[in-house]
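According to TrEMBL, the protein has these features:
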TRANSMEM  16-38  transmembrane segment
TRANSMEM  44-65  transmembrane segment
TRANSMEM  86-109  transmembrane segment
TRANSMEM  121-141  transmembrane segment
TRANSMEM  153-173  transmembrane segment
TRANSMEM  179-196  transmembrane segment
TRANSMEM  301-320  transmembrane segment
TRANSMEM  340-357  transmembrane segment
TRANSMEM  364-382  transmembrane segment
TRANSMEM  388-411  transmembrane segment
Amino acid sequence: MKVPLKFRLNDTSKSIATLVTGTSIAQMVNVIGIPILSRVYDPVAVGLLAVYVSAASIFSVFAAGRYELAIILPTDASEAVKIKALAQWIVIVTSVASCIFLFLFMHPVSSLFNLEGYRQWLPGISALIFLSGFMNIMNYWYTRQKKFKIQSINKVILSTSVLVFQVLFGIFISNDLTSLLLGLISGQALAVIFLISQQGLGISQQILHFGDARKLMRKYIKMPLVNGPNALVDSVRMNGLNFIIASVSASSLGQFSMALRGVQAPVGLFSQAISQVFLQKMAHEGRGYLYPMVLTIVRKGLLLAFFPFLLVFLISPQLFPMLLGSGWELSGYFAQALVPWLYLNVVTSPLANIFIVTQTQGRLLTFAVFYMLVPLIVIYSLKSDILLAVWGLSLSMAGMLLIQIFLAIFTARSYDAKRGKVGL
């Protein structure tokens, strides 16, 4: 007999609280780090790092072949272990291949991403691919095992170590892109080492026969074929925005990046924690319980995030220049403009998992294409006035996210209706 939803959500609330604790501490570290980094580095250095990370993100989309998403799906634990091993080996192959590619085509790639002065660091993108790939795999693994405390601790380790390394390198090495990048890689490496050490299953202990790998790749082929394009479209959308802003100036992108980082603090407080916990619940609930769960996510997400974002909207133009110091005035107006988009993003981040659980990634892909095109067209058309462009970006993204919320509700209701259960 099924346990009523309200009682099962009590356990979910405990899991959310565990992740929120780590996420909130990590976000506090990020917020504390903003005025420190802004006094060590100028907007140009921050903007160049954003270009570099955006370039890395394009390669990172298929770091694990998207098979990391399948880790939570099988009921058989041994199959989940094999999927984890498969994803890890794909990350290794992808990282090595990207390193060779970037070394051979260093000059054209550096010209494409406006990194001519730092082309010697381009092969380092492979390090980011490797580290982000392994971090995603381990996070999905711990989500499956409901070991949310480890994920919570890791969030704190990641944000703290990146900040400490970037500040120290900026003071003692150089206050430019080199130190920002080295700090990011060092912090991510420390976080990955922690995740792997807690599991006790290193690469050498992951035994995966070639035949098993082929079977798993065929069984979960929808992950790269269907979810892969979704991820690629999302990557082009976000990174394309950075490249368009960078085409105006690296300084403008630095201001935008710092504003986005500041406003995303309340987003990170709620959306990541809710997303990880509800993904595990969605994967193992029977039909008839997904629709009420989606409504719960929407209601709680909008309510919890409303007042924090209202406060951010009201005080950002005065707060950001005061926190960041001279030369960062534009970031406050960027932060205010970003509020409508990021407020709705609190809800849509966990809702995106609905399409994975219900195997309707194709529906999400159709939406994602328009979600990519609309903001890119808007910001490109208005880029002569960069503040107006960011307002246009935020409002267009907010409108698209409202559509996604209704699409997720429709998908969950249709999924439950196949069992004749649509309500609480």
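Quick reminder: no glycine exception, Cβ is built from N, Cα and C everywhere.
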Listed stretch, out of 86-109, 340-357, 364-382, that has the most CB pairs under 8 angstroms to the transmembrane segment (388-411): 340-357
Recorded stretches the transmembrane segment (16-38) and the transmembrane segment (153-173) touching, at least 3 CB pairs under 8 Å: yes
Positions whose Cβ lies under 8 angstroms from the transmembrane segment (121-141), at least six residues beyond its ends: 52-53, 55-56, 59-60, 63-64, 68-69, 71-72, 80, 84, 87-88, 90-92, 94-96, 98-99, 102-103, 106, 109-110, 115, 151, 154, 158, 177-178, 181, 184-185, 188-189, 191-192, 195-196, 199, 276
Tertiary contacts of the transmembrane segment (179-196), as residues 6+ beyond its ends and Cβ separation under 8 Å: 41, 45-46, 48-49, 52-53, 121, 124, 127-128, 131-132, 134-135, 138-139, 142, 150, 153-154, 157-170, 173, 202
